[in-house]
Amino acid sequence: MGAFLDKPKTEKHNAHGAGNGLRYGLSSMQGWRVEMEDAHTAVVGIPHGLEDWSFFAVYDGHAGSRVANYCSTHLLEHITNNEDFRAAGKSGSALEPSVENVKNGIRTGFLKIDEYMRNFSDLRNGMDRSGSTAVGVMISPKHIYFINCGDSRAVLYRSGQVCFSTQDHKPCNPREKERIQNAGGSVMIQRVNGSLAVSRALGDYDYKCVDGKGPTEQLVSPEPEVYEILRAEEDEFIILACDGIWDVMSNEELCEFVKSRLEVSDDLENVCNWVVDTCLHKGSRDNMSIVLVCFSNAPKVSDEAMRKDSELDKYLESRVEEIMEKSGEEGMPDLAHVMRILSAENIPNLPPGGGLAGNIIFFRRHVIEAVYSRLNPHRESDGASDEAEESGSQGKLVEALRQMRINHRGNYRQLLEEMLTSYRLAKVEGEENPAEQAATAASSNSDAGNTVAMQESHTESKSDLAELDSCTEDAGTKMSGEKL
């Protein structure tokens, strides 16, 4: 079974809550992936005497969901029940536990749960080779503890700007690369042994079996980085998200986007849903999960922002009417054609961060569809099939490259760039099925085993190349001793 579906699963899981002066909302979507491997934790009021503390986390699983799901249920108890963390509770007496004790307790909790899961029969005998990143925050009355293991990410938005961001654990980072090489491994095509795209994770026991090395010295380490930050009145919100979100939006883009949505809605689930929908349209082909935690100083619904949203709706209504009237003599255009025209225009009052196409398609599609249906009540199709076909073709192209990687490891990224360029050119020239032709070319290049010169494409999106970087890490199969 391939890594991608023919069409994305867009149903969302949502939750929200409040307590300890915080509000949170979350959203997760399977998207184009064959399986949903993300998980999350949201606890307001930590047991064992820390009721004024809260804990939130996102887990991005790969090669299966076993590890991510277990961690979402049990990581917090492994943290709070270990001796180091209990010592933290005792050391502070009536005051907040010391920062160093809390950090040591969190670190010990990660190592303990990783050691504990290794004894699961399916993980021990290799029947399940899954692993998971983990990014979280533990919020006390005085501090915010940011916790990261892998390439999911957390950001803090304070005083109208990104104040802090965790650092992704990638094999190409110098410190991570040094540890991998000291354990006898290598970093090829920005992956551990040419296969795994993260250098720290829970699970992934195939990469944690080097004799004479401790758990934090293995090819893949379960040790988290823990950062503490003093809370401030200016704190607005924290975002936790997997790389399915960060692959297509930068820290600043996402925070500005969230800020703009909080100014028109106080429903945090809706805000998170807007993020996920926008990332899907911007090209993310991974599972997508986001947890949004708002402090009391978070942006509030604004009359000015609501007015701009209303003006945007009116503008789009008039533009759809104009497009339909101009096309009347040549026949009624389909909805996808109308969307493409609008996506190429410089439309006023769009929220920041989503990009023109992303904002129009997902924020105001209902407005556009309503006008279109009124002017064309007998339409046979809403044009969505065209969008699905285009995205599905790109998925087939990436899957063909994944299969080709078995026979052509050294050059697959260059080949992906060439195939994507070929795909775009074919679309411009009007070929009927450019994805199949590109996939055939990929197969031909793989058989020949020749080096393909890298071609530049000025329209290349970040997610195009990120797709192949992510599509092999969760396949859960083995070939020549490497996970594909």
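Counting starts with 1 at the first residue shown.
Glycine is treated like the rest: Cβ placed from N, Cα and C.
Annotation source Swiss-Prot lists Mn(2+) 1 binding site at Asp60, Gly61, citing similarity to another entry.
Residues within less than 8 Å, Cβ to Cβ, of Asp60 (Mn(2+) 1 binding site) and separated from it by at least 6 positions along the same chain comprise Glu37, Asp38, Ala68, Ser132, Thr133, Gly150, Asp151, Ser152, Cys242, Asp243, Gly244, Asn287, Ser289. Sequence annotations record features per position, and here Swiss-Prot assigns Mn(2+) 2 binding site to Asp60, Asp243, Asp286.
Under the heading ISG15 cross-link, Swiss-Prot lists Lys12 (among others), citing similarity to another entry as support. The 10 Å shell around the Cβ of Lys12 (ISG15 cross-link) contains 16 further Cβ atoms across the protein chains shown.
Per Swiss-Prot, ISG15 cross-link is recorded for Lys142 (among others), and the stated evidence type is similarity to another entry. Residue density at Lys142 (ISG15 cross-link): 11 other Cβ atoms are found within 10 A of its Cβ, drawing on all protein chains shown.
Residues or ranges marked as region 'Disordered' by Swiss-Prot: 1-20 (among others).
Taken from Swiss-Prot, the feature region 'Disordered' applies to 431-484 (among others).
Spatially, by CA atoms, the recorded positions Lys12, Gly61, Asp286 include one closest to Lys142 (ISG15 cross-link), and that is Gly61.
Between the CA atoms of Asp286 (Mn(2+) 2 binding site) and Gly61 (Mn(2+) 1 binding site) there is a gap of 11 Å. Between the binding-site residues Gly61, Asp243, the minimum number of other C-beta atoms within 10 Å of a residue's C-beta occurs at Asp243.
The two recorded residues, Gly61 (Mn(2+) 1 binding site) and Lys12 (ISG15 cross-link), have Cα atoms 17 Å apart.
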